[in-house]
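First up is the structure itself, then whatever we jot down about it.
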């Protein structure tokens, strides 16, 4: 089978992945809770023969800084309800919901995702996150978030319980035999009876086994613990965007981890984020990107940079930054700290300078051919198995990608021109997991 | 405004409310996780101008007795995902999801139901339950269910938190103003900052205020604590079916409780369950009901009766029952105990006798006119504001009701012939709740 470049269409803030993408003249910021707005997004992705849409999520409203309330377009629909509606508005595309393992219960998550998998006839995916913000903890009884390693330990056990619940029923256990009166074959039913450190869950699930066996599992997996969990359990990893050399090293290291867990390297697809700004010409694309950057309110610039370097800043984004005396740059590999190091070395930089630098580093700006070149290079040089596309402004940025870049990728034979397989798992080239009859676990 | 009889269409086991309704020749037991099956149900209800569909739920699979696995058609879809899909397959009908306050978190529930309300443009309802089975506790870390009064205390606080979260945003707080860059008006944002006995939730919600303000709240409210919670907070009560005299007393007592909570009697609609078996003639209806009863497997009969009278029974449903020596009939108002009393008095009864008696007591069998007569009598004599219709077998039983009884109700002017209002709340004649800016609570 020819290796095929995978495509996911990402949405978090409905106006686009740039915080003020909603301000663009083409945007529709009054429609952030309008199902027709999301339907158009999903149908556009399906028109582009994307493998999946990918709804990011957070269990909080970001009001730590005033700019979060004033300027971000954060109000939106909850992913599982939204994807269930989109399941019947689409027919072939995957539907990935972000769900936290820290503030949920496995029985609910197993049920809801199994249900979405049935409703969509095998197109559900779960993007597992462990929720890192204090803002999330405070909506669920706590004041601080769980310790990082404990979150991942809980996450690993959570996946284990969910798998056991999805395995409650054999694929052929539902007989529905009018004649005998046997609805289910008791021999095909297993009780999870899970007793672990974080969860005690008996089961069985009251939903029959999902069409995909286990719906597809996405993870972000940036940290060491995150990569371990992903290598052990994920079907696909959503990675951050890196310069091509760093991306190749990340890719190789993660595939090695996958192998270390006794799996084949191609059992886990690695999908970095891609933030394209595309137009017919390079000049038009740069103009659009510059316009989006220029639409960023000053308060966001100042508060975003203040947050990233960990110190308060004056309200004027054009004032030179004086690093705080207690500045810690222990981890120089992180880009905010690279900037801190430059500040500490005496370089004269304003918040606007730093914000703009981050912006241009994070985006892929160019003509359709140039963007396709970059994607192809990364795909063919061991930096990516595909991409999760985050348009900066919606719907324009994503529709431009589908109209301009996708045909170029298709001409090059990198992506498909139509859907062939039925389930998302099949489309990703992954086997349907055999049912494992759960055995009692004591941890 | 003319008082109008309200109609809800109930679904729990997808094959119908009789446990072996799925065995009927017209049933479709292989389609219990098929979205098209539920779409037909919802669209049939909409064709009948029902006010709402009503999805019951439980967080467990009932395997306490072998018959639960063998003979019940229990596997089904999760309500919130299912209703979200149905929201875009329908346009006017209400969508009521059963959600437990014992095994959920208010932030999740507030988000999901607000999201469903946006997706459906104001048609969401929440049927609040507190989950009474040990089977449910065991799927969420516990071995036994919470004490009854504690469950209702938690339920009351849960509703309070959810209301505060729905009030996070003023109705006009989302400006989405491209020019100024102001997405939201900070003056229209309130942090819940709830600190109570059961929940600590800061908020705000990341979903704008639901179209209905507060989506409609249903409760079952059979017990004293349940009725208190319903009288204080519910918009509609789902009640069990009772003989007309008892139903009138229940209705009057609950309306009095509503008044005692400072509300108007018509702020809470009382909707008893109705289990109709209807056909063109009385004889055909009785034949269908008898056929459904006769389709009940013996194991269900024995185990159901054993469960209801609290003692194990021999496997033969036709063996006379000998009451256990330690039988307790303290609460004689409960019908199983009325039967126990008869057993204790020496009456010769088999499990089949008792099961059949319960069955015939629970159903309304007759011609369209006879069923409409009973509904009209109850509606006009202070026993009901409407009904939650539970067909015994799906789809036949419900479609017969819509095709035969609904036109009769419409001819009598009891129910509408078309939808007029936009939201479910409007259709129920209820005001849209004004936003209350939450204040910090310490309990």
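Cβ from N, Cα, C; glycine included.
Keep in mind the model is a prediction, meaning the values are calculated, not measured.
TrEMBL annotates A:98, A:148, A:152, A:223 as FMN-binding residues; of A:57, A:63, A:266, the candidate listed for that same site is A:57. Matching A:312-335, A:336-359, A:360-383, A:384-407 against TrEMBL, the residues noted as region 'Disordered' span A:312-335.
Considering only the residues assigned to FMN binding, A:57, A:98, A:148, A:152, A:223, the longest pairwise Cα distance works out to 19 Å. Long-range Cβ neighbours of residue A:148 (FMN binding site) (same chain, at least 6 residues apart, Cβ-Cβ under 8 Å): A:132, A:223, A:225. Each of the binding-site residues A:98, A:223 was scored by other CB atoms within 10 A of its CB, and the lowest score goes to A:223. If you draw a 10 Å sphere around the CB of residue A:57 (FMN binding site), it holds 22 other CB atoms from the protein chains shown. Around the Cβ of residue A:152 (FMN binding site), a 10 Å sphere holds 22 further Cβ atoms from the protein chains shown.
Within the model, the domain 'Luciferase-like' (A:25-383) carries an average pLDDT of 94.
For the recorded site, residue A:152 (FMN binding site), the DSSP three-state label reads helix.
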